[in-house]
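From TrEMBL, here are the annotated features:
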DOMAIN    34-173  domain 'Glycolipid transfer protein'
Amino acid sequence: MSEEPMVMGSKTVFHEVAEKWSTVTMKDGSLRIPCFVDAVIDFLVVFKALGSAFFTDMVKSDMKQNLEKIQASARKYSVETVREMVEAEVRDQVYMNSTSGTEALLWLKRTLQFILLLLHNIATQESKTPLNECALQAYRDTLKPCHNWVLQRMFDAGLLCVPTRQSFFEELGANEDVVRVGMQAFMEVAVNHLNPLVAFFNQERLEEVCSAPLKIPSRRDATGTAVAC
């Protein structure tokens, strides 16, 4: 990607990613794996705006590895949906293996919960609130309880290095208002697909920590709040 701000006319990268996520279809309450993988990969470009290349590259690498495990499991079992993959691995008693698609999906779900809550905090908190505060709050409310002490220290240090709000918005688009609208559009679409996944993991008793759905107010309802683990 070029070093130009991630904006296309009156749209930002969030608008394009939102369009991609809107094509992620559901089948029997489950995400279709090919569409889900493509949507997450497209979303990874947003990490560029969070600076701290070492930290963001680490998170992106982890997400990509999890996507690869999910794809490998889907091929192994010749399944199309997340639900079918998890059910197959549970049946074979391999769902808790470190290489399983279910374990990979669990961690990918948690990371997406963290990122969406971070974006919500950035979009809705007062402009004087530092970006690292938004990031640390989102981390505490989602991923942190899932991590061991070493990872907690790494994330705390990495999130302290996120850029200023001004730098973040400049990286994503020339107009902050346009970026905020794009962020909101993406969050609304993504949450509609992520929350059924959260509910599925809770229903199957595969999640013990990061189990609360995200509640993102729509642009027509600014009274809602974001809730995480």
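Every residue, even glycine, has its Cβ placed from backbone N, Cα and C.
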Going by DSSP, how much of the domain 'Glycolipid transfer protein' (34-173) is helix, how much is strand and how much is coil, in residues?
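Helix, strand, coil within the domain 'Glycolipid transfer protein' (34-173): 109 helix, 1 strand, 30 coil.
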Please give the average pLDDT for the domain 'Glycolipid transfer protein' (34-173) in this predicted model.
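Mean per-residue confidence for the domain 'Glycolipid transfer protein' (34-173): 91 out of 100.
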